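Read through the structure below, which is laid out as structure tokens, and then see the notes.
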Amino acid sequence: MNFIFFPVFLSILSIIRAKVLELTDETFDNVVGGDRPVLVKFYAPWCTHCKRLEPIYEELSTLYHGKRVLIARVNADIHHELGKRFGIKGFPTIKWFSAKSKNGKLYNSDRSLSSFIDFIEKRTGIRPHGAVSSEKVLELIPETFNEVVLNPEKDVLVDFYAPWCGHCKNLEPIYERVHRCFLSDQHISIVKFNADLYKDFAKDYNIEGFPTLKLFLKGSSGKTILDYNGPNTESAIISFINENTGTFRVPGGDLNTMAGRINEFDTVLEEYKHSNRNDILLKLKELASKSNNNYGLYYVKVLEKVIESADYVENEYKRLEKLLVNVHERKTRDDIQIRKNILTVFKSKSRPISDEL
């Protein structure tokens, strides 16, 4: 996959750079073989090639800082036993260790930043900070299937297809639009698998025709697999994902009008709509103090503004609508849409809430 990096973002990252995790004889086995996959560079301080690779490898570490993949290194010139254990005969040698595995696989691709990122995403489905994936859907092979699809923290939709299948070809542009729709939802992966080329592997998933879409739901105690039996349309597939993963997307990638709404808070506004507005505010503040959802505080803020001015909801809604027209960054658009959705709750209840009883 190709990636587009935002220059300003990367210039900041170059200042606030995450250090590569340094492993030793004592710490190696505590990290490698754990819950997260690890890319390990075996190096020697005197090695010229290692020195040339260092800034690229540090940039890679920064881009994956806080993600569920670790970027590490071992000074194999000092830690001879680790070097011997993994058959290190030259520097730098880079090995990939899948989660729960201490069997390193040799990385033998190009040592560019984009190649490292491509390698990691193909094996984990994890995208780095500050990168926007291309329009192409991630293609899996048997060696990468389990690591991506069976990731307990990901809901993964898989298109089992055959290259010669006419229906598969018709689905391809639709599937790519679905993929783009969910790019900002980190727990969602939209991938495909050539079930004609890898027939024996596909048999495990009872693939009897093409295309076959299956949704692998996240979960630490084993994956629940749901078959998609609806029409092969963008809106229908998106609705299927929304209904089963808790997302709220619409074709094009925006959020729908229910995104961000919190049932408990909506219920308070409904049940207490004829109460004193300050009583309602106290109830909302109490809920917000116990909620892990940051938008609970937005409910509180809106009601505080309504108490100050009965026109606040209408004016703020119009302001956000105008703002949304010129905003293209997905995270910001999502935030604006959620605030609009919450304001809608108040719009329908603004009169009783804004009247002192």
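The backbone N, Cα and C atoms fix where each Cβ goes, and this holds for glycine too.
Keep in mind that this is a model prediction, so the values were computed, not measured.
These features come from TrEMBL:
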type: SIGNAL; residues: 1-18; note: signal peptide
type: DOMAIN; residues: 10-106; note: domain 'Thioredoxin'
type: DOMAIN; residues: 110-246; note: domain 'Thioredoxin'
type: COILED; residues: 303-330; note: coiled coil
Could you give me the DSSP helix, strand and coil counts for the domain 'Thioredoxin' (110-246)?
55 helix, 30 strand, 52 coil
Can you tell me how the residues of the domain 'Thioredoxin' (10-106) break down into helix, strand and coil by DSSP?
32 helix, 22 strand, 43 coil
